[in-house]
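A.B. asks: Heads up, here are the entries from TrEMBL:
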TRANSMEM  B:6-27  transmembrane segment
TRANSMEM  B:63-87  transmembrane segment
TRANSMEM  B:99-119  transmembrane segment
TRANSMEM  B:143-163  transmembrane segment
TRANSMEM  B:257-283  transmembrane segment
TRANSMEM  B:303-327  transmembrane segment
TRANSMEM  B:339-367  transmembrane segment
TRANSMEM  B:387-408  transmembrane segment
TRANSMEM  B:415-436  transmembrane segment
TRANSMEM  B:456-473  transmembrane segment
TRANSMEM  B:507-527  transmembrane segment
TRANSMEM  B:581-603  transmembrane segment
Amino acid sequence: MSRPQNSKLVVENLQRAFGGVKAVRGVSFSLAAGEVLALIGPNGAGKSTCFNLLNGQLRPDAGTVRLDGVDLVGLPPRKIWRLGVGRTFQITATFASMTVAENVQMVFLSRARRLLGLWTPAAGAFRDEAQSLLERVGMGAQADRPCGVLAYGDLKRVELAMALAGDPKILLMDEPTAGMAPGERQDLMALTSSLVRERGLAVLFTEHDMDVVFGHATRIIVLDRGQLIAEGPPDAVRADPRVQAVYLGSPA
Amino acid sequence: MSFYFVQFLSGLAAAATLFLVSSGLTIVFGVTRIVNFAHGSFYMLGAYMGWSLIERWGTTPLGFWGGVALASLAVGLLGALMEVGLLRRLYRSPELFQLLATFGVVLVVQDVASAAWGAEDLLGRRAPGLKGSVDILDQPFPLYDLVLIGLGPVVLGLLWLLFNRTRWGTLVRAATQDREMAAALGVDPARLFTGVLFLGSALAGLGGALQVPREAVTLHMDMAIVVEAFVVVVVGGMGSLTGAFVASLLIGQLQAFGILVFPQITLVLVFLFMAVVLVIRPYGLLGRAEDAPPTAASPGPPLVLAAGLGRWAPALLLAVLALVPLVAGDYALIVLTEVVILALVAASLHLLIGLGGLVSFGHAAYFGLGAYGAALMVKHLAAPMPLALAAAPLLAGVGALIAGWFCVRRSGLYFAMLTLAFAQIAWSVVFQWYGVTGGDNGILGVWPPGWASGKAAYYWLTLALAGGALLLLRRAAFAPFGYTLRAGRDSALRAEAVGIDVRRHQWLAFALAGSAAGLAGGLYAFAKGSVFPTLMAVPVSVDALVMVLMGGIQTLSGPVVGAAVFHLLETQAMSLTDWWRLGLGLIIVVLVLAFPKGIAGFARDLWLRRAER
C-alpha cells in the first residue's frame, strides 16, 4: 500500500457497527494534498458511514483518524471542521431562508468567530469574499437569490462554495454530482480538480457515476460490505478482478 | 399502613381519569400531529353535558351511565365538527397555526359554557348504586373510585383491540407511522382524521363526564387538565398509548404521595418529574426518536433590511409614539404603555420562535421573573426604581440561563414542554414561597418615584427602555447573532458542519430573550404598582404565543403588530361586551383561516404583489 510522505489524513482500522450490522469493518487508507480520491462501492457498502465517521457525525467503535497527526476521533463535527475538514452532503444541506451569498458569508463569519455580534448587520460582512467564491463555482449571478428556490444542481455548487469558504485542507464530498445533468457533472468535477491544484486541497468523494469516477479521480479505493477490497490508480482498479466481481457479479 | 394503601388507591383513581383524557390527546397528536389545546375544553364540555344529563336522568343506573355515554358521544361529534370545519383547512399551514386555532376554540368554548351553565361551580349527583364506600383495611374508600380504577385498564384494552384488531385501527396506525405513505396507498386522510378527532374528543368527554360525581364542574377545568394531560403524553412518549397509561399511573401516584411527603412543593412536583424524565429519556418513557416533533414553520423568505424610507420606519414609529402624550389622555397612555411592554415580550419570544425555530410555551416565566425581580428589590431592599429595573432583566436572564441549559437539549414539542415545565416551576415557587413573595397576595406598592409617576412620564420611560430593547432585538436579528440562530433552525446539520455550536447559540438566545422579557416584566410591575403569581401562569405564556403568531412569525414587525392588535382587542372588547372571549376566539380563528402568515406577513405579501404589478 502506498504511503505518501506528505500525507495529511490517515485512517487506520476504522470500524462501526449498527446493532448487529457491521457497516464498516477495519478500513484503512490515507489521503494526501493534491489527491482526488474516489471511494466507490455498491449500495450499502458503507460509503456514507465512512464519511460520517470521518467528519465526526458518527463515532467509530474502533480505529483512528488523524489529520496531520491530530486525532479526530471523538471530536464533534464543528471541531473537526475547524481543524480543516470541510464537507458537502449527499442530500444537500443549506440555509434555506438565506440568500446564496449569505450562506457563504455565514461560513466566513463562523471561521472568523464573529457569530455573536449583536449590532453590525451581517449582510455586508465578507460579501466580496463570498461573491468571488460564488463566481468561482459558477453561482455568481445567483448570489442574491434565496437558497430555498434553487435547482438541485445549483445547491450542490453552493455547498461546494460553502465548503471552500472554510478554507479546508481536506474536502469530503458525498455524491457531489447526484441529481445533476451529465454535462454539469463533468463541469463540477473539472472545477473540483482545478481547485485541488490551486489550493493544494485533498478531496475524498463518493460517486455512483463511473464516468465521473474514472475521469477525475487520481486514485480509487473500493469498499464492499464494509471492507476495502481494492486500492490504486483508476486503470489498475478498473482491471482488478475483485472489483469487477463486486460490480458485475462473480461467476461462482 | 392501611392509610398508605388507600392513598395508593386514590392515586389509581386519579390516574384513570388522567389516562382517559391523555389517551385521547396522544391519539390525536399521533395521527394528525396537531397540538390540540382544545382537548381540555372537550373534557370540560363532557363534564358540563354529563352534569346536565345526570341531573335529568341520573337517578337510575341506566340513566346515569347512559348520560355519561351520551355526553361522551356528543363531545366526540363536536371534535369531529372542529376537524371538518377548522383543522381540515389548516393541514398545509405551519403546525403552530393549528395550535393557535385550537386555542381560539378554547376561548369560544369558555364563553359558550359560561353562557349555557353559568359561572357558578356545579355539584353533580352521585352515581346510583355506587354512593357508599367500602372498607379496605379498615379505611373507607369510595365505591365509585374503585369502578374508575377498573375502567382505566378496560379502556386501554378496548383501545388496543380497536387499533390492533380492526381495519380502521390498522389504517390509523399506518397513518401515525407515515402520513404520506398511507395517503399514497389510497387511505383518505381527511376521513381518517375526522374519525380520530371524534375518538380523541369522545375520550376527553368521557373523562369529563365521569368526573361529575367526584368533583365540582367549573369553568377552570379546561386549562388545568390540558396542561396535565400534555405532561402525561410527553412523559409517556408522544403518540404512545401504553406510554400514556404508564405515565398516568406514575403521575397519579406522584400526586397522591407527593402531597404527604413534600406538601410545600406539590404544585411543582409533576413538572419536576417531567423535566427529569425528559433529561434522562429524551422522547419520553415509551416514545421513539423518529416521531418528528412539530417545527415552528417553514424557513420562509430571507429577511431583508428595508431600503430607503422603510429603513427608517422603526425610528419613525418611535418618534410618532413619543409625541402621543401631547394629544392623548391618561387612559390611552396606560393602554399604550402596556402595548409597548407587551410588544417587547412578543418580540423577545419571536427571537426564539421566528429566528430560532424554538417554540417556547413558558415565556411568561421570564416576564414574571423580571416583574418579581423589580418588586422584590423594592419590597425587601427598598431599592430605588432604576436599581429595581436593572434587577428585572438580570433575574430573568439568570433564570433563563438555568432553564435554557436544559431546554435547548431537546427540540420541537419536547423543547416546548420543558419550557412549560420550568415556567410552572417558577410559578409555583412564587406561589408557595409565601415568606418572600407573599404567595397569591402578590407584592403591592411597587410605584415609580415622583419624577416618573405621571402617566406621560412613565410612558416615555417605558418607550425609551422597551423601545431601546426592541431596537436592539431588531439589530440582533440582522446581525451575525440572528443569522447564526436562523442557520441552526434552517439546518442544524449544516450549521454544525461549518463550525457553529447550535446548542450553545440557542442557549444564549434563550438567555437574551429571557432578559428582554424580564425588562418588560420590570416595567410592567411599576406600571401596575403590584405583581402577582398570575404573571407567570400558563395563560400569559399562551397570550404571548398568540401575539407572535397573530402578527406573523416571518417578519420582525409581526410580533409588535400582534401585541398591539391582541392587547387592544382584549382591553377594548372586554370593556364593550361580556363576550370578549367568544369574540377574541372567533377573531383568532378567522385570522388563522384568512391570514396564515399573520397580519404583518399578509400586509407584506400585499405590498410585494402591488410592487410587482
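Sequential numbering from 1, following the chain as shown.
Quick reminder: no glycine exception, Cβ is built from N, Cα and C everywhere.
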A.B. asks: If we call contact 3 or more Cβ pairs under 8 Å (sequence gap 6 or more), are the transmembrane segment (B:99-119) and the transmembrane segment (B:63-87) touching?
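C.D. replies: Yes, these stretches are in contact.
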A.B. asks: Applying the under-8 angstroms CB criterion, which one of B:257-283, B:387-408, B:507-527 scores highest with the transmembrane segment (B:415-436)?
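C.D. replies: Top-ranked stretch among B:257-283, B:387-408, B:507-527: B:257-283.
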A.B. asks: Considering only the recorded stretches B:63-87, B:143-163, B:257-283, B:339-367, B:507-527, state which has the highest number of Cβ pairs under 8 Å to the transmembrane segment (B:6-27).
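C.D. replies: Answer, by Cβ pair count: B:143-163.
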A.B. asks: Under a Cβ pair cut-off of under 8 Å, which of the recorded stretches B:339-367, B:387-408, B:581-603 contacts the transmembrane segment (B:456-473) most often?
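C.D. replies: Ranking B:339-367, B:387-408, B:581-603 by Cβ pairs under 8 Å to the transmembrane segment (B:456-473) puts B:339-367 first.
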A.B. asks: With Cβ-Cβ distances below 8 Å as the criterion, list the same-chain residues six or more beyond the ends of the transmembrane segment (B:339-367) that contact it, or say none.
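C.D. replies: For the transmembrane segment (B:339-367), the nonlocal Cβ contacts are 96, 294-297, 321, 396, 399-400, 403, 407-408, 411-413, 415-417, 419-424, 426-427, 459, 462-463, 466-467, 469-470, 473-474, 476-477, 482, 485-486, 488-489, 506, 509-510, 512-521, 523-524, 527, 535-538, 540-545, 547-548, 551, 553-554, 556, 558-560, 562-564, 566-568.
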A.B. asks: Report, as numbers and ranges, every residue of the chain located at least six residues beyond the transmembrane segment (B:507-527) whose Cβ falls under 8 Å of a Cβ in that stretch; write 'none' if there are none.
C.D. replies: 334, 337-338, 341-342, 344-345, 347-349, 351-352, 355-356, 358, 360, 363, 365-375, 385, 388-389, 391-397, 399-401, 403-405, 407-408, 446-448, 452, 458, 461-462, 465-466, 469, 472-473, 476, 481, 485, 535
A.B. asks: Please indicate, using numbers and ranges, the residues of the same chain that are 6 or more beyond the transmembrane segment (B:257-283) and have a C-beta under 8 Å from a C-beta there.
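C.D. replies: Same-chain residues near the transmembrane segment (B:257-283) but 6 or more away: 7-8, 11, 228, 231, 234-235, 237-238, 250-251, 289, 291, 406, 409-410, 414, 417-418, 420-422, 424-425, 427-429, 431-432.
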